[in-house]
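S.K.: Among the features that TrEMBL reports, signal peptide is placed at 1-16. Feature annotation from TrEMBL assigns transmembrane segment to 132-154, 174-192, 204-225. The domain 'Cyclic nucleotide-binding' annotation in TrEMBL covers 308-414. According to TrEMBL, the feature coiled coil maps to 435-484.
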Amino acid sequence: MVFPVMYNLIILVCRACFPDLQHGYLVAWLVLDYTSDLLYLLDMVVRFHTGFLEQGILVVDKGRISSRYVRTWSFFLDLASLMPTDVVYVQLGPHTPTLRLNRFLRAPRLFEAFDRTETRTAYPNAFRIAKLMLYIFVVIHWNSCLYFALSRYLGFGRDAWVYPDPTQPGFERLRRQYLYSFYFSTLILTTVGDTPPPAREEEYLFMVGDFLLAVMGFATIMGSMSSVIYNMNTADAAFYPDHALVKKYMKLQHVNRKLERQVIDWYQHLQINKKMTNEVAILQHLPERLRAEVAVSVHLSTLSQVQIFQNCEASLLEELVLKLQPQTYSPGEYVCRKGDIGREMYIIREGQLAVVADDGITQYAVLGAGLYFGEISIINIKGNMSGNRRTANIKSLGYSDLFCLSKEDLREVLSEYPQAQTIMEEKGREILLKMNKLDMNAEAAEIALQEATESRLQGLDQQLDDLQTKFARLLAELESSALKIAYRIERLEWQTREWPMPEDLAEADDEATAGDQKNFTLYWSSSGI
């Protein structure tokens, strides 16, 4: 839809404002007009067969697609853009292209195409700049057409502002008319000035409208360019580490010039050769499964070259791929030294490394792309005579790109794959046997010690189970005793309810006392005292 919509937006308005252009190429315009109409019609047919998402599921049923499409505003705009307004040619003649202005209603499809292209292209910032330049061209083009139409309405050559009289030599040609109008519009919309002052009300209104449009266009251009530059800087910051902070730090700390030059060269190597050291941060917003698939497609072939990882489960390799950390080493930089504690293994992705003597000059071997080293140090193999210490000095001859896999990451992944861990230990044991660095006696002693430890752990587990059983019995007895005590207390409460209450006893005592006093009074009365 880009071609037909752009054709109508650019050519149609030009034909309406420049009569010579319309009259000189009528047959070509008719062919292009009806070709674009045919594409408009085919676009509607395609939209009747374009599925849509409903609750995340793609709907491909043609009936539902059609019923949904005809209920949208897009359908009415598409239908209005195909109304056969050309039939009015019968009365007004074929030289009235303004009858086809309803074709502009299909412009949303152009914006949709731009949005899809911007999402899919590998150079989105360049596409945004190209799209912005296209919009600027269309605006100036439309403005130049309107300027020429206004000049024709006011009269060519009536004043210095309008287009000169075409009867003058050189101004009668169509190319000169368009280029002069385009140049005049460019001067106005860019606010450069150097244009003749307007003399009529229509000219003043046109200039005011253009100035307002120029202000809005300038703000839009500045905002768009700022957004593009910001996105480019953000992308660079996401892909490559910020060297400005490191340079400032080295300057403040008075780092020697040689080391500072080495650091700057390392940063330049990353930028020039597009090397990335923070792939995890770049892919962090992807879903975990999709992030794993991207990492597998990029790095699985490299990881599968490592001998101890061959024949492992695919899911294990996918987990390990997400743990790989890319690293870049400068010329002459040591990756590891003899005697260092080995906490990671390395896979050479690109470059060359040398196994050198302690003097750093004598070379024993050269390692190239696809090779690896340090894999034994990240697996705890019983009887390993070298332990977890490095046995050689590895130095980068040039700029070398390596993948680093740490012991902690490998242990975290293998905790969920015990069978794979056993297989990897067996392969590591075979490698140590070939290198004569596996102490069988030490391995047997360590196995015996492990078995004794496991036996003691089993004994402790049995004792713990016995203690838990005894504790459960005591707890059951305690609960039984508590129930019995509660039952006895309840029985005593029922028995005590039959006893007289203290209040009743007090009333009985009061009545007895009152009776005794009454008898005493009667006794003394009868005695005559």
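For all residues, glycine too, the Cβ spot is worked out from N, Cα and C.
Keep in mind the model is a prediction, meaning the values are calculated, not measured.
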S.K.: With a Cβ cut-off under 8 Å, give me the same-chain residues at least six positions beyond the ends of the transmembrane segment (174-192) that come close to it.
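M.R.: Contacts of the transmembrane segment (174-192) (Cβ under 8 Å, skipping residues fewer than 6 from its ends): 14, 18, 20-21, 24, 139-141, 143-145, 147-148, 151, 163-164, 166, 207, 210-211, 213-214, 217-218.
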S.K.: Mind tallying the domain 'Cyclic nucleotide-binding' (308-414) by DSSP state, helix then strand then coil?
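M.R.: For that range the per-state counts are 21 helix, 40 strand, 46 coil.
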S.K.: Would you report the average pLDDT that the model assigns to the coiled coil (435-484)?
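M.R.: Computed over the coiled coil (435-484), the mean pLDDT is 79 on the 0 to 100 scale.
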